[in-house]
Amino acid sequence: MTIRSILFGAAAAVLLASSPALAAGGETPRPERMSWSFAGPFGMYDQGQLQRGFKVFKEVCAACHSANFLYFRNLAQPGGPGFTEAQAKQVASEYQITDGPNDAGDMFQRPGRLSDHWPAPFPNDNAARASNGGALPPDLSVIAKARSYHVGFPGFITDAFIQYQEHGVDYIHALLTGYVDPPADAHVQPGLHYNTYFPGHQIAMPKPISDGQVEYTDGAPQTVEQYSEDVSAFLMWLAEPHLDARKRIGFQVMIFLLVFAGLLYFTKKKVWKNVAH
Amino acid sequence: MEGHSTYQPKGKLAQWFESRLPIVGLIHSSAVAYPVPKNLNYMWTFGAILTFMLVVQIVSGVVLAMHYVAYAPVAFARVEHIMRDVSYGWLIRYIHANGASMFFIAVYIHIFRGMYYGSYKAPREVLWILGVIIYLLMMATGFMGYVLPWGQMSFWGATVITNLFSAIPVVGPVVVEWLWGGYSVGDPTLNRFFSLHYLLPFMIAGVVGLHIWALHHVGQNNPDGIDVKNVAKDTVPFTPYATIKDIFGMVVFIIFFSWFIFYIPNYLGHSDNYIPANPLSTPAHIVPEWYYLPFYAILRSIPDKLGGVVAMFAAIAILAFLPWLDTSKVRSAKYRPLFKQFFWIFAIVAVGLGYLGAMPAEGGYVIASRILTAYYFIHFLIILPVLGIVERPKPLPASIAEAVLAKGAKGGAAVVTGASAPETRG
């Protein structure tokens, strides 16, 4: 019993020592956990949502952000927004791509093809900075996996059981809907903008989208909330284009392994039947 | 791998071959006839699980290397190419990235099992030290592998860890530049890390061979920590008894592994590693992979840089001296009531250090890591030597057969099959 009391004493001392640090920090509120169609063991992307999200991305985000790992062919690949090949070709052909050199040694412009990657809005990082008040708009290819927020104990343990992997999308959704008037005591530097969910609250990106800015043809509400959800889902697909296949195969693998483990368990029992152990 | 096999090939050709290269006999004696203590529990399946994980990592790694390019300007994009364009590349990469974590989960269970049941004691000291060497090689391999995707944590993790060597007096800065192949972590560093990351697993495989050789020479320890006295009464042949049990344990482990691969593949990684490496922008918190966190906490708990580095390496090196630091003659914690409690305190302290390693090095976290670091060393240097002298162990059973019978009797009528419940206990 003495050891047990020493143990509790030590644990209490450690907890007490850590508590000031636990209390400090965490001014930024946690993003709300949305219910995404692609969450959980059977989650799949919602094609309609990805198509709407793509429209927002194309008309709004892509004006400043690159997405260098996105190819036009991806738009028609299985598990994506579900465009037909003809539609993807149509999207590609709306862009002029620099190709070459040709036989005369000159670079030339031609309409985009499926094998081209999404054209970047700026020729290089310096040009992007120069047009954006010195801030570099990050590439959006894997942004939904490159952003997260602190969960802490014990949430990060339970997240492994509930298969929560949507830190990035939840953060992006919160950020896009997090532009509010700064509180009276907040000092926002010139050229920066107040955002509830951005660490430090001062973000270089101005409020990117307003109600009614992007026209939806499927009757979905044309609100900032809806735009944010759709484009966040699209960015998740952009970061993890094979999620549908992963979850589908995962289920098949799990079923096989569970049955196999069951059979092995009974085989093991039978083998060991006459051995005391 | 022990002595001359009793294996007699039946066919003429097999006999001709066996008399020239007795390799089938070697396999027969070490994986079929090899005597295994009857009382092993499922903690003993982790040796097979670790062998399996080494094979998984090598096979998936070789395939990844076919598509990867270790050149700093394109390394990040090549990993994304694997994730997006290579057929099932996402699967292979998630297997490899999570496989590293699974390998460490299994090795930590394996190490703590060895500690709990006193598997490091005579005559298994060399076996244990070989294990510590494997663990060190694994840490080096895992660290270099984490650098290859060339994300922010790759770059800054490499910067922090290689900078540790600058603490070496006089030659430190020269050693660090030699490691980098330049004046900072850069393309030459990435290239050599890729080369070494491909080499070290085969060195691990070599030491694993020695580890298994030593194991088969001295025989396995067991939950009662007593020697095999009568092979017929105390042991069963490896095949089918251990084989089927190991395969079952392995498949259960693969279910756990698959949960990560298919459902939470990025859970154990850091989101910053999906941002391409940028030498001009330091992440707010540089956090190593979870399996180094206890040692990272020890490193940061010492206010002096050289002291921190020495403490961190000492925390690993001290494991090699465990056979001589533990003065008790009794192996298994089952018969050591005091040691059993201190073992669990130590396990909690190790996990606590891991937690603190992930937290920022400020305020109360620093004080807490200092307390736990001190306890980590006190456990090895004071508690274990003293415990062996002052502790009064419980009486040991006369033989494994007797221990098994006693357990069966305690479990009630189900002498034969009812042993599964206590078996699962750590």
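Glycine is no exception: its Cβ is also placed from the backbone N, Cα and C atoms.
Worth saying up front: this structure is predicted, and the values here are computed from it rather than measured.
The ubiquinone binding site feature in TrEMBL is assigned to B:H216. Summarising the annotation, TrEMBL assigns domain 'Cytochrome b/b6 N-terminal region profile' to B:13-224. The annotation domain 'Cytochrome b/b6 C-terminal region profile' is assigned in TrEMBL to B:228-398. Residues annotated as transmembrane segment in TrEMBL: B:43-70, B:91-111, B:126-148, B:155-176, B:196-215, B:247-264, B:306-325, B:337-358, B:364-390.
The transmembrane segment (B:155-176) shares the most Cβ pairs under 8 Å with B:306-325, out of the stretches B:43-70, B:91-111, B:306-325.
Touching of the transmembrane segment (B:247-264) and the transmembrane segment (B:126-148) is ruled out by the presence of fewer than three CB pairs under 8 A, sequence neighbours closer than 6 excluded.
Long-range contacts of the transmembrane segment (B:196-215) within the same chain, counting only residues at least 6 positions beyond its ends with a Cβ under 8 Å from a Cβ of the stretch, are 1, 30, 47, 51, 54, 57-58, 61, 65, 124, 126-127, 130-131, 133-134, 137-138, 140-141, 144-145, 148. For the transmembrane segment (B:126-148), the list of distant contacts is 61, 68, 70, 75, 79, 100, 103-104, 107, 110-111, 114, 119-120, 154-155, 157-158, 161, 189-190, 193-194, 196-197, 200-201, 203-204, 207-208, 210-211, 214-215, 218, 273, 288-289, 291-292, 316, 319-320, 322-323: same-chain residues at least six beyond its ends, Cβ to Cβ under 8 Å.
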